[in-house]
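What follows is one structure encoded as structure tokens, with my remarks underneath.
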Amino acid sequence: MKVNLPVHKGEVLDVTIMDLTYQGMGVAKVDNYPIFIENALPEEKITVKVTKTTKNFAFGDVEKINQVSPHRVNPKGRVYRQTGIAPLQHLEYSEQLKFKQHQVAELFAKVHMDDVEVLPTIGMANPTQYRNKAQVPVRQVQGQLTTGFYKKNSHQLMPIEDYYIQDPAIDKAIVVVRDILRKYHEAAYDEFHHSGTIRTIMVRRGYYSHEMMVVIVTRTKHLPMADVVTQEIQAALPEVVSVIQNVNSKKTNVILGPVNNVLAGKATIDDQLLGLTFAISAQSFYQVNPQQTEKLYQLAIDQAGLTGNETVIDAYSGIGTISLTMAQHAKQVYGVEIVPAAIDNARQNADKNGITNATFVLDSAEKAMAKWQADGVKPDVIVVDPPRKGLDADFIKSAGEMAPKRVVYISCNPSTLVRDVQRFAEYGYHISAPVQPVDQFPQTPHIESVTVLEREQ
């Protein structure tokens, strides 16, 4: 049955933007039918061309802005919006912070938790050039090996040298490595024919240490001219202390493969976080915005209310960043992580920092919690920093039955945070302090936050 829509593809309309979606798109309505529009801000009057319609909503492109928002700023370049690198760059930074605070508050209000206080988002003095890691695809464009970023929802590589939100030293390193690979006629990966050699260039740089790692991801085990390529990278980039070839032979969108070959230097780089030193490998999960991560983790430590006598469980412990920073303020910390290399890194990092009261186990968070519960481990505080999908129901059940006094929830997805808070309520936990958003990813809609739950006595 054909649905009668109030707009059709190709139609040009004058509309007023009412709001922003959680993805940062402007929303206009025609007869209560929403149109989602990139590069449009609330209260702007625009001319929009409808590009796609569905039964429940449409998408459109801005043809002309007829009344400009006072909060609009001149974007640095269209390419950052087209690729999704910086989809909020047209919104002034103070308003980005308000938008993120509002997003979190609105999600709580939708489930009738209007009484939850959400504090203003903690921002950055310089909300650009903050990322300490880049993973840049390599493809053949107009006959030569090229680096850049994909246009959104496409396989079209857009050549880029300045990524705007990355450490400029990393941007420079990518260009240097690209030019060396061009010089020696290395073949770029062709994803359609699964041919060619160079798939991705990854660069990590320590914010404090300035140590740099270059990872060349290849389809083949053999990297032609590997020795001379490595020597030239080291000569051109004195900060490089680690050059690694990562082999990913599968036809996949996953960036890194399972095999790392150290071509020069170390297998890891070091960096500091809240006074501790961490070894970071090619595969390590390590927060990409070190300045904001220190604020985020210090907040989590403060909210945990540690006096030095507590037992803490750190679920999703990664390379031990939260576990080890908390271990300095607790009696004992137990960390769990499902990635073997991360557990190895966590144990090395404990040794590196002389920390003896942190124990790390390789397992899923859900299974480890059940085992600790069976073994009679009684945590005072549980810290969680889950992926975007949030916490598993079995994990929350185990956590609730272990009955810690406090749960500190570091969230990268406010939707799953709100869902999980409701699940914790079934075990007698309530939010005991205002929720604090932290802007880990300026110029994007992504939101991190810290929430504290306490058990009702």
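From the backbone N, Cα and C atoms, a Cβ is placed for every residue, glycine too.
What Swiss-Prot says about this protein:
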- 6-64: domain 'TRAM' (DOMAIN)
- GLN287, TYR316, GLU337, ASP385: S-adenosyl-L-methionine binding site (BINDING)
- CYS412: active site, nucleophile (ACT_SITE)
**Item:** Residues within 8 Å of the GLN287, TYR316, GLU337, ASP385 Cβ centre (excluding the S-adenosyl-L-methionine site residues themselves)
**Value:** PHE285, ASP314, SER317, GLY318, THR321, ILE322, PRO386, ILE410
**For S-adenosyl-L-methionine, whose listed binding residues are GLN287, TYR316, GLU337, ASP385, the greatest C-alpha pairwise distance in Å** = 15
**Asked** Hey, which of the binding-site residues GLU337, ASP385 is the loneliest by Cβ count within 10 Å?
**Response** ASP385
**Request:** Compute the C-alpha separation of TYR316 (S-adenosyl-L-methionine binding site) from CYS412 (active site, nucleophile), stating it in Å without decimals.
**Result:** 13
**Asked** Cα-Cα separation of CYS412 (active site, nucleophile) and ASP385 (S-adenosyl-L-methionine binding site), in Å?
**Response** 8
**Request:** Would you count the other CB atoms within 10 A of the CB of the residue listed as 'active site, nucleophile', including those on all shown protein chains?
**Result:** 18
**Request:** Can you check which residues sit near GLN287 (S-adenosyl-L-methionine binding site), meaning Cβ under 8 Å from its Cβ, same chain, 6 or more apart in sequence, and list them in order?
**Result:** THR293, LEU296, THR321, GLN440
**Prompt:** Using DSSP, how many residues of the domain 'TRAM' (6-64) fall into helix, strand and coil, respectively?
**Reply:** 0 helix, 33 strand, 26 coil
**Message:** I'd like the number of other C-beta atoms within 10 A of the C-beta of TYR316 (S-adenosyl-L-methionine binding site), please.
**Reply:** 22
**Request:** Indicate whether GLU337 (S-adenosyl-L-methionine binding site) is helix, strand or coil by DSSP.
**Result:** strand
**Request:** Look up CYS412 (active site, nucleophile) in the DSSP assignment and report helix, strand or coil.
**Result:** coil
